[in-house]
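*Asks:* Dumping what TrEMBL says about this protein:
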type	residues	note
ACT_SITE	Asp139	active site, nucleophile
BINDING	Tyr194	substrate binding site
COMPBIAS	61-72	compositional bias 'Basic and acidic residues'
DOMAIN	233-335	domain 'Pseudouridine synthase I TruA alpha/beta'
REGION	45-72	region 'Disordered'
REGION	397-418	region 'Disordered'
Amino acid sequence: MLLATQLLRALHRPTQKRYGGLFKVHTMNEDAKVQQTAKVLKRANEESEDCAEKLQNSKRIKADEDHNEEEKKYPKKKVVLLMAYSGKGYYGMQRNPKNSQFRTIEDDLVTALIKSGCIPDNHGDDMKKMSFQRCARTDKGVSAAGQVVSLKVRLMEDVLKKINEHLPAQIRVLGVKRVTQGFNSKNNCDARTYSYMIPTVAFSNKDYDANQMSAFRLEPETIQRVNRLFTFYKGTHNFHNFTSQKAFSDPSARRYIMEMSCSEPFIRRDCEFAVITVRGQSFMLHQIRKMIGLVIAVMKGYAKEDVLERSWGAQKVDVPKAPGLGLVLERVHFDRYNKRFGGDGLHERLEWDGEEEEIQAFKEAHIYPSIIDTELEEHSMVSWMATLPIHDFEASAVQTGGDKEPKQDNADEGNGSD
């Protein structure tokens, strides 16, 4: 700019010509002045742009050098992260970058990974660059005590502390372990265990006033019948009636359930609760909630027991879906991976016994209070039970294998979704 100023001054300085021994002052005509001024300004702008570009290139080179130094110091490694979170206020686990108004668990996790320096900030919009994969997609409001994600990170010192510093209290990363380069937390998962915390009034007879929740107590014979009904689910069955838009002929509707049972009841805030535990290879969208909903309908007397076996057949059965509030992803299992790599001397077994105390502490601090307080304040189970009479458990319609199947509503193929 100094050069431009000097040139402009020179342009506007009067010129002198000699006539008959006398000096006469002349000025350049206005058009010439404008053209000359434009040339000077253009030259000055070009020089200014060159300086700015050189400065920007210098900064870019410096940033690349810093990035390369960071990469050398902390090269990317394939790991799994053990996560626990309360799902209240979140629209599930899986992020949707195109729809940022619906906040998900992964949105906050990716932000924390970037801020902690574990992944480059330019990878945040495309986590495939970091080979990111979740073990299970949890639905809106669903919590987790043992979610596992796999990805490549810069494995720096105090990595857990640095990530958690940028996470809200209701999301924690509790463990990290190195895995093989080809590890995929979804594909390598053999089974998933969920729990469902439920007010025991859900198993009362339909004639009982469910608003008297605090007065209800489960009889031993009642819990025995509940567990007998849950045993119907064990084994491999066609669960096309337990998710949305699945045809009976769809092979992916067949799922294997290993265990399902209800624990002894306990008292919280003067009300009785119990925990249902189910372990299976994988679950489809809403499958667990519908499995529980149908048993509740039988226990309350709205449906007969034979509806359970009828639901495996080709007939379309009206299966109610229990509220999502009490559902928790408890644990994911990697038995085959552990057998193959757990004892090779290079990799750890993907088990979390050492983190069990932290897992339980998180559940007691964030998951259980959230479920119980919300249930007692919003009465989601009681409100849902009031809708059971509108279901027709006897009506059915034969669904042929040739029926055109609509596009699935986010149903999860073997990805432990509910």
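Backbone N, Cα and C atoms are what each Cβ position is placed from, and that goes for glycine too.
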*Asks:* How does the domain 'Pseudouridine synthase I TruA alpha/beta' (233-335) divide up by DSSP, counting helix, then strand, then coil residues?
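*Replies:* The composition, in the requested order, is 27 helix, 35 strand, 41 coil.
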*Asks:* Give the distance between the Cα atoms of the residue listed as 'substrate binding site' and the residue listed as 'active site, nucleophile', rounded to the nearest whole Å.
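*Replies:* Just about 13 Å between their Cα atoms.
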*Asks:* Comparing the recorded positions Asp139, Tyr194, which residue's C-beta has the most other C-beta atoms within 10 angstroms in this structure?
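*Replies:* Most Cβ neighbours within 10 Å: Tyr194.
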